[in-house]
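Q: Before I ask anything, let me first share the structure, which is written out below as structure tokens.
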Amino acid sequence: MARPSSDLTEFREDFAKAKHIAIITGAGVSAESGVPTFRGQGGYWRKWQAQDLATPEAFSRDPSLVWEFYHYRREVIRSKMPNPAHLALAECESRLSKQGRSVVIITQNIDELHRRAGSEHLYEIHGSLFKTRCMSCGEVKANHKSPICPALEGKGEPDPSAKDARIPVEHLPRCDRSGCNGLLRPHVVWFGETLDSDILTAVEQELEKCDLCLVVGTSSIVYPAAMFAPQVAGRGVPVAEFNMESTPATMRFKYHFEGPCGVTLPPALERHESEVI
């Protein structure tokens, strides 16, 4: 199997011809904005690893603790800004749409930084930190309140010595739908849960029609997203990986550009000389 190319000029030729570009993004894009990844070494909040708290069982057992963790994450993200990679993707989508070409972003990130950067054609396959779902009526709503409920104000300190808030369940975020008042949970896909089938179907349709695919800032180990780009490559479509290091999928792709996405992505997506608009 041939090693992937890092020839930017050659990639730019494929980019200039592409009509439908699918871009799969992961935690590496957000890490460059200072968003904690909660993967690998140092991925702890207090004494917990994210996968210990990001489960339906953890929420059932201790909804106060889980909401402290997610409140902390929401507040951290509020202080972060989209970086040059987010902005390059949004600018590329806007520019190419005027040429009758399409860019779709399929992200595993739950921080909405792509949305804040201006991306519109976007699938957040793992949900969003800024949406809630009612455990009683099932309503999903955008929620950007800070704090999300009065009882969580000032809570969520990540220090291992911090004491759990032990907030009574009736004071945790509640549904404001008339006559409901059910307990809200973060509208994110937790470990042990399946992705939304409607979103997956839409993503598969986007991947089937794309004629160029970019994999940006993802380790390519979280399924099912890890199989998206290899499937595209399997039908002969050029795939370009932009990441800090090689991944288990790198050898399946046509291109690999190593380094921070905020450095490597903007020159790859800037206006090509063949673009008339």
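FYI, residue positions are counted from 1 along the chain as it appears here.
Heads up, the Cβ atoms here are built off N, Cα and C, so glycines get one too.
The domain 'Deacetylase sirtuin-type' annotation in TrEMBL covers 1-275. According to TrEMBL, the NAD(+) binding site annotation covers 26-45, 108-111, 217-219, 243-245, Cys261. Here TrEMBL flags Tyr70, Arg73 as substrate binding site. Under the heading active site, proton acceptor, TrEMBL lists His126. The annotation Zn(2+) binding site is assigned in TrEMBL to Cys134, Cys137, Cys175, Cys180.
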Q: Out of Cys137, Cys175, Cys180, Met244, which of the binding-site residues has the smallest number of neighbouring Cβ atoms within 10 Å?
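A: Sparsest of the binding-site residues Cys137, Cys175, Cys180, Met244 by Cβ contacts within 10 Å: Cys137.
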Q: Around the Zn(2+) site (Cys134, Cys137, Cys175, Cys180), what further same-chain residues have their C-beta within 8 angstroms of the site's C-beta centre?
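A: So the additional residues around the site are Met135, Ser136, Gly138, Glu139, Arg177, Asn181, Gly182, Leu184.
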Q: To the nearest whole angstrom, what is the C-alpha distance linking Gly217 (NAD(+) binding site) and Cys137 (Zn(2+) binding site)?
A: 36
Q: Counting other Cβ atoms within 10 Å, pick out the least crowded of the binding-site residues Phe38, Tyr70.
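A: Counting other Cβ atoms within 10 Å of each of the binding-site residues Phe38, Tyr70 gives the minimum at Phe38.
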Q: Restricting to the same chain and to sequence separations of six or more, state which residues have a Cβ under 8 Å from that of Gln108 (NAD(+) binding site).
A: Ile24, Thr25, Gly26, Ala27, Ile125, His126, Thr218, Val222, Ala225
Q: Which Cβ among the binding-site residues (Gly26, Gly34, Gly217) has the fewest C-beta neighbours inside 10 Å?
A: Gly34
Q: In angstrom units, rounded to an integer, how far apart are the Cα atoms of Cys180 (Zn(2+) binding site) and Tyr70 (substrate binding site)?
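A: On Cα coordinates alone, these residues lie 23 Å apart.
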Q: Please compute the mean pLDDT of the model over the domain 'Deacetylase sirtuin-type' (1-275).
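A: Residues in the domain 'Deacetylase sirtuin-type' (1-275) carry a mean pLDDT of 94 in this prediction.
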Q: Counting distance between Cα atoms, which of the binding-site residues Ser30, Phe38, Tyr70, Arg73 is nearest Cys134 (Zn(2+) binding site)?
A: Tyr70
